[in-house]
Amino acid sequence: MTCQTYNLFVLSVIMIYYGHTASSLNLVQLQDDIDKLKADFNSSHSDVADGGPIIVEKLKNWTERNEKRIILSQIVSMYLEMLENTDKSKPHIKHISEELYTLKNNLNDGTKKVKDIMDLAKLQMNDLRIHRKAANDLFSVLQKLVDPPSSKRKRSQCLRRCSC
């Protein structure tokens, strides 16, 4: 399977995994549309396989459902951006775009989380002002790492109090 085929396979997985039930998603039509999209991009070209998949590989490190929602929201946005630069008058492109927009609406929280991660990566950790602020935050960060989530804690406290 070529890199482009892998990427379009990921697109199919995203569409199935989030926001759609079997009755609301016509997989046969979607696969046909993706095949037409592959033809539009000439994805059978020999250079597509060079270096392996570019999107599927990124998904391997994201294991939890909430983690996957973050990365998948970015992937959906990438596909929408890719389709913005194509001929939107073609029915198959319009259909894929509509499905992706629906998925994007279901994954809208991921963009904010990715922005937070990028903002953290941009912090100048050699800046004394950043050091001061980070030192003030350190105990709170460590507490969040040590303390169980409040919902689990509340449930376990309730079970201890209950004399069932």
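Note that the numbers count up from 1, one per residue, in the order the chain is shown.
Glycine too: its Cβ is placed from the backbone N, Cα and C atoms.
Taken from Swiss-Prot, the feature N-linked glycosylation site applies to Asn42, Asn61, supported by sequence analysis. Per Swiss-Prot, signal peptide is recorded for 1-19, and the stated evidence type is sequence analysis.
Summarising the environment of Asn61 (N-linked glycosylation site), the number of other Cβ atoms within 10 Å of its Cβ, over all protein chains shown, is 8. Asn42 (N-linked glycosylation site) and Asn61 (N-linked glycosylation site) have their C-alpha atoms 29 Å apart, to the nearest angstrom. When Cβ atoms from all protein chains are considered, those within 10 Å of Asn42 (N-linked glycosylation site) total 10, not counting its own.
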